[in-house]
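**Q** One structure is given below, represented as structure tokens, and several questions about it will come after.
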């Protein structure tokens with residue numbers, strides 16, 4: 001009986017010895033052990049869907065990727081591994097044979113760490129150095145084909161350091177840019193403050209100036225006067241500039257229209273009265289005695305008012321009336337019915353005055369001494385001969401007086417103008433005949449006219465003058481009806497000169 005109990009105890013001890021695995025062995029006599037706690041915790045952390053934003057399985061489900069390293073070290077490592085050192089976690093992965101798949105991101109892989117195959121974790125062993133017979137060699141399983149991986153170790157740390165350096169450089173550049181922008185903004189603020197201060201100062205100065213000006217009594221009057229002066233200058237600058245007036249000229253001015261001179265002509269009564277007063281003061285006896293000196297002048301006689309300017313006025317010449325005046329009368333102008341006159345006087349008895357016709361060729365007037373003289377009996381009382389000057393009629397030409405040299409003056413044109421030089425004068429003022437007349441305007445009567453008969457007695461000269469005037473009227477009528485040419489004008493002038501000579505000789 002005792003022998004049987006001893007045998008049973010020996011058998012039980014043998015079984016116990018056979019079941020207990022040796023220390024450090026994963027499998028003993030076909031019985032598997034549990035995987036390491038590090039691998040179990042890592043698998044649970046990666047497989048948890050709540051942590052996919054921080055860490056999750058890779059595209060091939062044979063690796064896991066840490067997407068947010070700072071948050072992984074701050075939140076997950078303390079929860080599962082009781083520390084927050086990401087580098088320590090990477091080193092522990094390296095001891096279990098994990099490798100870094102992608103150098104640009106934190107992706108790790110192991111042939112026994114697969115999604116949905118948690119039982120393969122027991123095949124992952126921790127790498128330790130062998131110590132002789134105490135360790136049992138684990139059976140080697142066939143390795144699954146895994147792409148080339150990079151060992152996590154010193155190389156991974158250096159790469160992380162380089163990445164941190166690049167991030168630091170980027171942050172430093174951004175900091176420098178922000179500092180420059182801050183300096184620029186500060187400078188702009190300072191400039192704006194200075195401008196604002198200057199504006200405030202100017203505003204204060206303006207207010208103080210206005211306050212002083214309002215208290216000043218003469219400020220408003222001076223301001224108004226300056227405005228009036230400015231307005232006057234503007235109005236004066238807008239007015240047309242007037243030509244300077246000649247000495248003794250009339251107040252009315254003439255306007256030049258298309259080369260013509262518009263002249264002011266006084267009424268017949270005023271002009272006649274002025275001339276009559278001058279003539280009555282002359283020494284008639286002394287004046288008619290000097291008629292024998294052959295000092296003659298030419299008077300250009302226009303048509304009467306009834307035969308005013310017409311369409312043929314530009315192609316015909318006016319008639320010529322010859323008369324005698326005193327030698328020393330000194331008349332600057334001799335008024336006729338047309339308002340056009342010229343003077344020709346010399347000291348010699350033979351007077352030859354050049355005549356300028358339309359063709360510009362000067363002609364000579366025959367000897368004017370052949371004109372019969374007036375008897376002395378018809379002369380009024382003696383007075384100074386030089387009194388016969390007409391200051392009231394000298395300024396008929398409002399625009400200007402033309403100074404003609406003593407040698408003669410020629411004016412080409414359809415109307416003939418006589419050049420009548422004098423010995424004692426360097427220049428003779430000539431009036432142009434381009435005058436705008438009105439048919440209603442009364443013209444000054446001619447020398448031989450019925451207007452003067454009521455003041456002067458008849459003389460033998462009136463007969464000759466009447467004949468000459470009748471010839472002139474016939475000449476004008478023929479000229480108006482037939483339109484004389486320039487050659488006919490010259491012929492008619494020569495015929496009149498001959499008629500005067502025949503009367504004198506007869």
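Just so you know, glycine gets a Cβ as well, placed from its N, Cα and C.
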**Q** According to Swiss-Prot, region 'Hydrophobic repeat HR-A/B' applies to one of these ranges: 113-163, 164-214, 266-316. Which one is it?
**A** 164-214
**Q** Between the candidate ranges 433-440, 441-448, 449-456, 457-464, where does Swiss-Prot place the motif 'AHA' annotation?
**A** 449-456
**Q** Quick test of your reading of Swiss-Prot: among 231-254, 327-350, 351-374, 375-398, where does it put region 'Disordered'?
**A** 231-254
